[in-house]
Amino acid sequence: MLLAIDTSIGSSAAVVSPSGEVRSSLGVTDTMRHAEVIGELIRDALAAAGIGADGVTAVVAGMGPGPFTGLRIGIAAATAFALGRGVPLLRLVSHDAIAAEWALSGGEGQLTVSTDARRRELYWSRYLVEGGQARRVDGPGLVVPAELELHGEHVAATAVDAGRLGAIAAAGLRDGVEFPALSALYLRSPDVTPSAGPKRVTT
Amino acid sequence: MNRDAPVVLGIETSCDETGVGIVRGTELLANVISSSMDEHARYGGVVPEVAARAHLEAIGPVITAAVAEAGLSLDDIDAVAVTSGPGLAGALMVGVGAAKALALSLGVPFYAVNHLVGHVGADVLAAEGQPLSYPTVALLVSGGHTSLLLVRDIVDDVELLGETIDDAAGEAFDKVARILGLPYPGGPQIDRVAADGDPRAIRFPRGLSLPKDMAAHRYDFSFSGLKTAVARWVEKRRDAGEPVPVADVAASFREAVADVLLTKALNACADTGVPRLLLGGGVVANARIRDLAHERAAAAGVELRIPPFSLCTDNGAMIAALGAQLIRAGRAPSDLGVPADSTLPVTEVQAGRA
């Protein structure tokens, strides 16, 4: 069984079977409480799927893009859980789950996914969806809303379903694809400027 | 699990050190630290976002390294403890997220503990011979904290006597180093150049040490005024075109910090009738602070304890040790929904108590 975790927007945890069946998927939309809810979500997702921690054969982490503080919590949790069980950590772009969801609901053709990056900016990714399969063709990137280029349909998502992320990973495992060694997708440098030296205190 | 000597893995990410330690009761098995200090150097201080990013990169490898150093496998871990505060919020959250998931993956209890009390907990690992007796006064001095505690019982009776009302002592070292053109972190640099200086060359102010401060701030510290006094003194010299006697300034500044820290700490020992003083925190590495502590404690008949440096700076072993003490005391695990709390009060030794 795959345990999937994503905190790129809200918090979500899910258990997905190797065949891609979503056995449980739980989410909290609050974007300010990732550290509080992450433990209970994992515990409850496992319980709802009727498995223990030892039933997990791989952990899937949504690597963003997402606002820094929350994003890190899910990745840290996924990293630690995978270590604890001695199972692989599979890293995916969180937007891929949004595109897969759209494909699953019958969407076809070009798709632009956007999510809130805070500070009046958006994260975006572009997909081509054919035969129910979404393939990322550009992104993820970061833009101000006025500069977001829309190709085909546009989904401005407010949640990422870890169940969908787990299903993508399950399909990838079945197809033998290589999972990328992604780092957290912040897409921004830390806000900081090097020190200009000490300021005078006397005038 | 053996409740008297549980194997606890502790995770510490409250500032710029990713620490994972493993203990068996009061026995230290592993203490692995990955520091992002070098990444902060060009900014002259810890940048929270830089620190948090570094924690995420380091957390997996540091856990793996600690387990290897202990000669154990993760299956041998009886409980997971983590610093849930006080500290930098975004940095704490990395450790809290990892610790919750690690505990769940291993099917073991989870304990969220107080970083400052963890510094006191470090002593049980270092104690050769007799364990720490309570009550004890504890002086914790680092880049983020300057706190004076009265610890009657490490698991449930810790009182905050006083703390800094502005800069932490470690911050003052960094800022004065910058004034003197010395690199970050300032503590070791000041210590190095002060070795050749005269600590009585310049009488810098001792913050909150006047008679009028004794009512409200007897055990509180202030280092902001001291830093400004050093800056004024140096600027005056430079403006007059005179050379700055860096060694004397550094030695006199260091003396002012050491003097005020130990005067207040030993006042606390005297006032409370507690003849024991424990030092902790990275600033305790400072040679003058250690020497003066030995000198003044001996003169006052106070037993002084200073854990080894690797346990004085932020580390996961002290968090594991505190977790083990909580288990030994029969405490139930913390609630899995416990938040990271950047201002967790020192009276809350364990966060998220059921």
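Using the three backbone atoms N, Cα and C, a Cβ is placed for every residue, glycine included.
Because TrEMBL annotations are produced automatically, they should be read as predictions rather than curated entries.
These figures come from a predicted structure and were not determined experimentally.
Per TrEMBL, the Fe cation site holds B:H115, B:H119; the candidate it also names there, chosen from B:D314, B:D335, is B:D314.
Annotated substrate-binding residues in TrEMBL are B:L140, B:V141, B:S142, B:G143, B:G144, B:G187, B:D191, B:N286, and among B:D156, B:D157, B:D174 the one listed with them is B:D174. When secondary structure is read from DSSP and collapsed to three states, B:S142 (substrate binding site) falls in the coil class.
Under DSSP, B:N286 (substrate binding site) is assigned to coil, being neither helix nor strand in the three-state scheme. In sequence order, B:E12, B:S14, B:T83, B:L116, B:G118, B:L140, B:S142, B:H145, B:G280, B:G281, B:N315, B:M318, B:I319 are the same-chain residues whose CB sits within 8 A of the CB centroid of B:H115, B:H119, B:D314, the residues recorded for Fe cation being left out. Counting other Cβ atoms within 10 Å of each Cβ, the lowest count among the binding-site residues B:H115, B:H119 belongs to B:H115. Of the binding-site residues B:G144, B:G187, B:G187 has the largest number of other Cβ atoms within 10 Å of its own Cβ. Inclusion criterion for the binding-site residues B:L140, B:G144, B:G187, B:N286: a C-alpha placed within 10 angstroms of the C-alpha of B:H119 (Fe cation binding site); this criterion is met by B:L140. A Cα-Cα distance of 9 Å separates B:D314 (Fe cation binding site) from B:S142 (substrate binding site).
Here the Cα atom of B:H115 (Fe cation binding site) is found 21 Å from that of B:N286 (substrate binding site).
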